[in-house]
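Among the features that TrEMBL reports, transmembrane segment is placed at 14-32, 44-72, 84-106, 126-148, 160-178, 213-234.
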Amino acid sequence: MEQGLIKNPILRSYLYMALYEFFGMVLFLTGINCSQNDASVAALGLFIAATLTGRLSGGHFNMAITFAVYVVEGKWLQNLTVGLSIVLIDILAAFTAMLISIGLLGSDHTFALVPSGNNKNYSLDYMLYLMLIEAFFTMVFVSTVLFVKYRRVSATTDGMLSNLTVAIALYVCVRMAGPLSGGGLNPSIAIAIITTDAVQYGFDNGTSHNGHILFLIPYILGPLMGGLIAAGLLNLSSKITIDSEEADNMAVGRGEHNQAINPADEDDGLSFEENQRRNSARGMTIQLDEASGKAALRKKTGLERVSARDYLA
């Protein structure tokens, strides 16, 4: 998914973010309802929604993804307001999509998020089973999102290819989780679908269309657990990547690389431009530290981290 472009959380930025996130979620969930959660339609719907809106909103459409990004960034107070805003926008958009879907399809033909095995089993063991299934497959899906969102560990920086990768991950996870838990993987959508069904049919009126409101517990807590695990995996992978780069830099400092950089090069009497040309030929770039005004050397890796703070300011 694309990183968002909103850098300053001014009112106008919030409005743009809200508009695009809202539109993307409505498009995504309406497609799910119209196809009865067909995995291919859900994946393609997410791809289109993320492509159309991701550049301005980040294209989350999922409370678990927002929670994971919030944990990865670790700016608990700074990002709290915008994180909660995204969650509320997605839930509001999900309810709007349910109303649109009911108008298009009728109340009996919208997608019902219930366990495919036994939607009348409310035992603690079964709830824990559903929670674990939702947590595992959400972890796989959200990990894919995070690993293409953060460039330090991403295999590509191409936005369209990243969106396609996420869409494929959603397709695989829904196909695998669907027969086991119903394939929710999204607390925002679960809240809208199950609550709408409860309002229309009652908590449990014996019909096959809806399940008990208690199913909200595994469909919310499971994906949030999966998002938390995915955030931990990303942080671990980022640390491993950083440690690897630090080891390379230490090797350069010890003269173990053929193109080792002499830290004194920038003071050897050559002009800044001459030093820049020389080090560029060595596969290095020179960047000015704006705070100190001194030249700093850095490998041209192309793996500079694209932080989600571009989105969660």
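Keep in mind that glycine also has a Cβ here, set from the backbone N, Cα and C atoms.
TrEMBL labels come from automatic prediction, so no person has curated them.
If you look at the transmembrane segment (213-234), the same-chain residues 6 or more away from its ends with a CB under 8 A from one of its CBs are 62-65, 67-69, 71-72, 113-115, 119, 122, 127-128, 130-143, 145-147, 150, 153, 181-182, 184-187, 190-191, 194-195, 198, 203-204. A Cβ distance under 8 Å defines the sequence-distant neighbours of the transmembrane segment (84-106), meaning residues of its chain 6+ beyond its ends; these are 14, 17-18, 21-26, 28-30, 33-34, 58, 60-63, 66, 188-189, 191-193, 195-196.
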